[in-house]
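Right, one structure below, let's go through it.
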Amino acid sequence: MHSVFGSDSMKNTEKYMPKRIILVRHGESEGNEDEEVLEYVPNYKIKLSNKGIQQAQNVGSKIKKVISENGESENWKVLFYVSPSERTKQTLERIIGEKFPEDKVIGLKEECRLREQHFGNFQDLEKRKKIKRTRNRYGKFFYRVPDGESSADVYDRVSSKFLAFHFLIKNLTYAQFSHITSIFSRPGFLETLWREMETNRLNNKNPSDELNLIIVSHGLTILLFLMKWFNWTVEQFHGLSNPSNCEYRVLQLGCNGEYSLAMHHKLEELRAWGLSEEMIHDQIFRAYGTKKNLKSTIFLPKSDVFFDDKENSDEFLEENGSKTKRKLAYINQKA
């Protein structure tokens, strides 16, 4: 069976792919500050604490520096997605503030499938503590909260969004779209995909403008998004640490059209987040690998020497030259 993604189609759409996808956890909430709030305030109505408001304002400035490359670039645009929770919407409001002029914002969409894991309704604190202890014994991914969701449930709804997003940025024809949905259709998927294709929200009309997607969501939801995006296993997921309030992850296009965390973040950051050496190798390869090698993971570079070599460390490269050029040269030598 022929692939629906022809090489000509890929060439025509590659220039419209977002340069970055930035996943941001909301600022500190009143529930993070005092869990007793969960006993009488619906989870989705919980607001930011005063500390959380300040965090959101600060992270907005940081994100603008990322997408504007420290103010050196003016040809950028942003498209925002946000969970429907009050704390995520407040975070987004503070991120935007006066930092993102209207002419730089392509759109803003509230997406229900980016919501927090459902823990039930009003939550008794003692029961919540017991649930967390049981979840840790059973396994965080598969344990289903009574009257709520498991991480696997959240993974499924994030995956639905993931499929819709991936097919959207490929600009499928209607025939290609029909073929794909006959295989992968899920409740709500077709409606969402077709509506967003019609509005053409991800199709940046000026190829010279760098499009950035900023997704404001929740810690677990962000981890599961990344798990699906990079095909991480359940075991690898269990080793990951939850993002802190207003911490963000930047997926950036690498040399050959693959998104990678290693394009923006330091290797030390990836390790601190719980990525294994194998996962880090994959991120480097996605960022700097060759088109030939990207066809198969068996060609992942054996880069233990690369990691151990002082001259390839983040500190040395930042002081003595371009990290991107040095790492790219290394990978090309091994190809």
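Just so it is clear, glycine is given a Cβ too, placed from its N, Cα and C backbone atoms.
These features come from TrEMBL:
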- Arg25, His26, Gly27, Glu28, Ser29, Glu30, Gly31, Asn32, Arg87, Lys127: substrate binding site (BINDING)
- His26: active site, tele-phosphohistidine intermediate (ACT_SITE)
- Glu116: active site, proton donor/acceptor (ACT_SITE)
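TrEMBL feature annotations superimposed on the structure.
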| residue | record | Cβ neighbours (10 Å) |
| --- | --- | --- |
| Arg25 | substrate binding site | 26 |
| His26 | active site, tele-phosphohistidine intermediate | 30 |
| Gly27 | substrate binding site | 28 |
| Ser29 | substrate binding site | 24 |
| Gly31 | substrate binding site | 18 |
| Arg87 | substrate binding site | 29 |
| Glu116 | active site, proton donor/acceptor | 22 |
Quick one: pull the CA-CA distance for Ser29 (substrate binding site) versus Glu116 (active site, proton donor/acceptor), whole Å only.
13
Inter-residue C-alpha distance, Gly27 (substrate binding site) and Glu116 (active site, proton donor/acceptor) (nearest angstrom):
14
For the residue listed as 'active site, tele-phosphohistidine intermediate' and Arg87 (substrate binding site), determine the Cα separation and express it in whole Å.
6
Consider each pair of residues in Arg25, His26, Gly27, Glu28, Ser29, Glu30, Gly31, Asn32, Arg87, Lys127, all listed by the record as binding substrate, and report the largest Cα separation in Å as a whole number.
25
